[in-house]
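J.: The structure is given below, and queries will be raised subsequently.
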RNA sequence: GGCGGGUUGGCGGAGAGGUUACGCAGCGGAUUGCAAAUCCGUGAAGACCGGUUCGAUUCCGGUACCCGCCUCCA
């Protein structure tokens, strides 16, 4: 069996991964607070975990992995959005969840096995808070329930901080009812116009961190294998989760392995609204950047390094994917072909790809291994390469690869000019057949001027692509001397 | 102030204490009516200073610069 090695934030080392139960490997990823479209940075942990889950399913079996990713649908940001727009919280969260699904689907990220919503686990949260109070780890004060960080000696270990150091450098105003400035809220009172639930401490709502502790325990148990998220969540979110979960379940270990991805930048700078380089996944998709391209760029940088999104990378990524898919189309790939190959027992990803992924999810290494493959052989010969692409999640639908590769006529897009371009190319094909190369080149030059990129294929065929500066008006000049 | 990450060839980006990463661009060649694509080959690196070692870009220490977190942003 392939040994998977992962860098564990908890121990700051790369360690061999050993599941608690190989028949049920359990993972939890902190999902979004649903008040707005997912931005590009939100996609990174999703894709990292998507690859991780694919790897785990490959190694331990498809039915032996349980992947949970939550929706936090109770939060003051949501309340603020509702107040600002006059819409109900329910409308906003429902809409945002649907958007999230669309956008992550477009990136080829498989849906988790469970997508619990915080509002469906209020009972479990209240119960956990009661346990924490009973265990002496939390206290009630002025309608709030707070976690007592001094009651948990390990507090700060995950993020490598000490409570005293943090207090020394703290820049936050401290609520007067806190015993310690670092104590954090488990439950807080709600005004009449705020969402709230009845509790032993009056009508209120949960604090930010408790939902993940409650939902992971409910769906995965108090001890599970891998917990992840962006490095910015390491503190305070994950630190607080550890405190809550370990104190509520002193007998359990909570998450064995903590995985944190580094942040995303855009053209070398932090993505922020003030710099004007902030964009969502949807913005990119609407701009015509395919989800596979976004995925490719994301996976081109190791998850533990800052990743820089640039136009150049997106273009390079698109080029590679086009060439790869083009080669597979020529080798006869389709959904039914892949079925046949799978039944034929030749559907095995390349060892080099699996080994790279097993080595702390070295996705750039896996992609490099794909570059080493010589394409152009038969479908069977290409199977390990194709299976590797699938393992990396680049192929949501084998029947669609032709359209990505932009092969032939009518197989792509709906642009009304396609038929006209195709007709001209048929003329050119005829001109080439009779060796009238002057005319053939003329047609190609005209098409180029209109922004159409033409490629000849062996045997006198061709493919074309409408470039970004395609101008149908120029087509009207075609054929004139 | 505290904590963490980074610094590799023109650009992007990995692994490994000693042997070619890989991709893009460049150069040479094959192929092609010409292009494009593809294929083969090829030059180019490890921020700075010290230490450990037979040998370090890879380990250790220090310096510089960049970035992030400590403010319910993945």
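Cβ atoms are placed via backbone N, Cα and C, with glycine included.
What TrEMBL records for A:17-318 is domain 'tRNA synthetases class I catalytic'. Marked as Zn(2+) binding site by TrEMBL: A:30, A:212, A:237, A:241. Taken from TrEMBL, the feature motif ''HIGH' region' applies to A:32-42. Taken from TrEMBL, the feature motif ''KMSKS' region' covers A:270-274. Among the features that TrEMBL reports, ATP binding site is placed at A:273. Summarising the annotation, TrEMBL assigns domain 'Cysteinyl-tRNA ligase anticodon binding' to A:419-459.
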J.: Using all protein chains shown, find which of the binding-site residues A:237, A:273 scores highest when you count other CB atoms within 10 A of its CB.
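T.: Compared across A:237, A:273, the most Cβ atoms within 10 Å surround A:237.
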J.: Pop the Cα-Cα gap between residue A:30 (Zn(2+) binding site) and residue A:273 (ATP binding site) into the table, whole Å please.
T.: 23
J.: Quick one: of A:30, A:212, A:241, which of the binding-site residues has the smallest count of other CB atoms within 10 A?
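T.: If we count Cβ atoms within 10 Å for the binding-site residues A:30, A:212, A:241, the smallest count is at A:30.
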J.: Where DSSP helix means H, G or I and strand means E or B, what are the helix, strand and coil counts for the motif ''HIGH' region' (A:32-42)?
T.: 3 helix, 2 strand, 6 coil
J.: Could you give me three numbers for the motif ''KMSKS' region' (A:270-274), the DSSP helix, strand and coil residue counts?
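T.: Going through the motif ''KMSKS' region' (A:270-274) residue by residue, I get 0 helix, 1 strand, 4 coil.
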J.: On average, what pLDDT score does this prediction assign to the motif ''KMSKS' region' (A:270-274)?
T.: 73
